Amino acid sequence: VINGQLVFSVTRGGNRPVRLRLDQVQVADGQWHDLQLELRDVRSGRETRYVATLRLDFGLYQGTVIVGNEIHGLKVKHLHVGGVLGSGEVQNGIRGCIQGVRLGVRPDAPALPRPSRTVKVETGCNVGNPCVSSPCPAHSRCSDQWERHTCVCEPGYYGKGCTDACHLNPCENEAQCHRKPSSSHGYICDCGDNHYGQYCQHRSFIDRGSTPACHVTAPSGLQPHGHGKPASVGTGQWRWRQCSTCDNPLC
């Protein structure tokens, strides 16, 4: 596990290691994950290559990498789980919980017997909760991420300190910001009559003689393109702009 992501690596002799990283998901999140590794041979003429497939969470995430033919004929002599034992010390060890390790082609094969040797292994799966000390600011909740935590702001609060969005002045054109937890962003901008849009960034054009709808009859000799409304009025001339989403109160 490197930077919270699962990495599969094969090293044989002085050759360059073969690596496969499942970067679609974080596994250091305090949740149980199912992991399956399948190694199969692929024959092409007289050459045999091995392909490794890594499946996480019952195939929800998976990846495949060509291992090569260097492992042809090798047999499993020692199986190290949770790290590699070398010179009496654990190398590349993980701090986490492991259960139900099985070896074989059948998914219902019995679990492996108790290990012949353990180094820095404890029974059970007890890890401290980093959220106990309430490290997150107001208007947020603490999420346990396995020996670390993240603070998730409530809707309408943003940034490291979960600041009220309305204090950041997101609305434009002197519009008023109001808290609204049920909205998609946790707040809304009160645009008034002259502007529209999420941040009141668009100006509403109200023209003489126009009707408050997207379907407006253009003057003789001028046809709007699709759904439109007059953008401005000159002397006897109208210009039209698109009104496909109809987020303007005039539409």
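One is the number of the first residue shown, and numbering goes on along the chain from there.
Heads up, the Cβ atoms here are built off N, Cα and C, so glycines get one too.
Automatic, uncurated: that is what TrEMBL annotation is.
What TrEMBL lists as domain 'Laminin G' is 1-125. The domain 'EGF-like' annotation in TrEMBL covers 127-163, 164-201. The disulfide bond annotation in TrEMBL covers Cys153-Cys162, Cys191-Cys200.
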Long-range Cβ neighbours of the domain 'EGF-like' (127-163) (under 8 Å; 6 or more residues past either end): 26, 28-30, 95-97, 179-181, 183, 185-187
Across the domain 'EGF-like' (164-201), average pLDDT on the 0 to 100 scale: 92
DSSP-assigned states of the domain 'EGF-like' (164-201) in counts, ordered helix, strand, coil: 4 helix, 11 strand, 23 coil
Sparsest-packed among the disulfide-bonded residues, when each Cβ's other Cβ atoms within 10 Å are tallied, from Cys162, Cys200: Cys162
